[in-house]
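Per TrEMBL, transmembrane segment is recorded for B:21-45, B:281-308, B:336-362, B:374-396. For B:21-244, the entry in TrEMBL reads domain 'MacB-like periplasmic core'. Residues or ranges marked as domain 'ABC3 transporter permease C-terminal' by TrEMBL: B:288-406.
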Amino acid sequence: MSLIEVKNLKKSYEADGAGTPALQGVNFTVGTGEFVAVMGPSGSGKSTLLHILGFLDRQSTGKYFFEGRAIDEYSDDELALVRNKKMGFVFQTFNLLPRMTALENVELPLVYAGIPERTRRKMAEAAIADVGLAHRLHYESTKLSGGEKQRVAIARALVNDPAVIFADEPTGNLDSESGRQIMEIIRNLNQTHGHTVILITHETYTANYAERVIKLLDGEIVSDEKVAERTTGVSFKK
Amino acid sequence: MNFRDTFQTSVRGLKTHKSRSFLTILGIVIGITAIIMVMSLGAGAESLILGQIQSIGSKTIAVIPGREPKGPTDFISTFTDSLKQRDLDALSNKANVPHLAKLMPVLFGGETAYYGSETYRPNVFGVTDLFAEIYNIYPSEGRLFGAEEIKSYADVAIIGSEVKKELFGEWENALGKRIKIKGRNFQVIGILGKTGQFSFLNFDQGVIVPYTTAGQYIFGIKYFHRLVVEADSEVNVPVTVEDIKITLRNSHNITDPEKDDFFVQTQADAIKTVGTITTALTAFLTAMAAISLLVGGVGIMNIMLVSVTERTREIGLRKALGATESDILRQFLFEAVILTGIGGVIGIILGFLLSFGVSLVLSRAVLSGWEFSFSIPAAILGLTVSAFIGFVFGIYPAREAGKKDPIEALRYE
């Protein structure tokens, strides 16, 4: 059983009566432990795909099976539960809550999971240590640098030990050095910890961290290939 | 998400927007302050008036001429001349009213008093010397008049503190001086201390003379405006009331109680009347204050809706991290309730302080008998009402927040 399986997935946004299809019949599967990059220019439908895969949106037609169960069978509350327990999100704009410390931001998914305060504090501390920010635990999120913010966001994404981590242009707002560090962390999550990672990007050098690259154009898959052999030193330039 | 976490999340949300939160609750603060003040001052006024009525003594019974008024505007019926000397005599008879301890006729009216070039318009009371015991008010200088002076239609007067000040000034000695009322010279034999009382019988502005003199020479009438009776004990008040009625009906040849040309009022009746009036007044003013609470509630709803829109992104993120619709709903509902609850507490404290201040001013400057009263039920009511308003006006914005689509919310800039 694949972790993720989509069959003829279509999505169109009804705006002013004129339906603009964002996805026009997409098929692929992702197995547990894979590191997949979804590439494409803006408007290619990659963000729409990520939102559907991440249970943040529903498709118009077609099927999406997560762990073998179709998304249509889930109620809104069940979707929330799956997002909470099995998914982690990393956004381009970090989306940390202001006026909360790094630790409190990372604790947030655990709060919604109903985990007692003492336990969740320990889990959050561990997750922050994993991304190398143990010395920033009690910094207010707005006082962190961009790279640090994204690392906190990654800690927040992995604190629940999710089945899959969705990263939506995680390096888009970062300088190249911070971006490289973030990608190293994400790759490490996949290689060392075995997290499934689905990365959305429009940059080839970011996509090169993945094992497999799906290219989207105008809502259709134009290529889906394994990265043949990983070059040891990925060049990372902006 | 448990209660405590929801609470903490909401408190944090409010802290993030401190000044707005404060301005939002201003309406609630003002409303609750007004309610607390009205209720506190209302209770103060009631206890003051009741205190005065009770200080007259719960054994006191008033016999008033005319039919009992059927409503607040039905006062004409009391202006009759049905109470006369023969009634006084009949009631004095121990056989008729065995538990009667004191009996005093009362005449009253406004008249002009002159002293030298000074004039003043006091209330003239024609009574007996029993008034001092009945109303517990004695001359601070001079003396009361006696039975002889009553019998002999003596031109003697006891004047109230205000009358003394207006006619004689602060420093001049009034005792022994003569003041002129209705062309007759009354010798001042006593001066009342400042009673400071706010009552239907204002002795500060009163001139007290023997009832005989008042009837004959001042008012020129042969009847009484009122008979004041004191029973020998509180327990005997009801039986005394009945005895008075029977005696007066006999004296007036009335067989049908429906045709009574007098009525009897006890202190208990008076207390009940005052209680009804002040309660109605307080309820009315409280209702007025409640309108401001309603306005405050609408303000809360308005700001909460703005807040929900502004925090669309936060809502989206929380949902992405696993918050359910009801988690978000509760977060915002709690914010509203906490907000109005805080407004309620501030309002209660402010209302307490303000009504304490007003009471202080009132008791110092105007009404010496005024006592500060603060009702705990009013405080509890205020807090409950404010939290309830938060709930009522918070539920709509909170539902809007909960219903937000996570993806729409995340996209929102």
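Count begins at 1; order follows the chain as displayed.
A Cβ is built for glycine as well, from the same backbone N, Cα and C atoms used for every other residue.
Remember, TrEMBL labels are computer predictions, not curated facts.
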Residues from the same chain, set at least six apart from the ends of the transmembrane segment (B:336-362), whose C-beta lies under 8 A from its own
7, 10-11, 14, 21, 24-37, 40-41, 44, 296-297, 300, 304, 370-374, 379, 382-383, 385-387, 389-391, 393-395, 397-398
For the domain 'MacB-like periplasmic core' (B:21-244), would you mind checking the mean pLDDT of the predicted model?
86
Should anything in the same chain at least six residues away from the transmembrane segment (B:21-45) have a Cβ under 8 Å from its Cβ atoms, list it; otherwise answer none.
14-15, 278, 281-282, 285-286, 288-290, 292-297, 299-300, 303, 339-340, 342-344, 346-348, 350-352, 354-355, 358-359, 362, 370-375, 378-379, 381-382, 385-386, 389
Under DSSP, the domain 'ABC3 transporter permease C-terminal' (B:288-406) has how many residues in helix, strand and coil?
103 helix, 0 strand, 16 coil
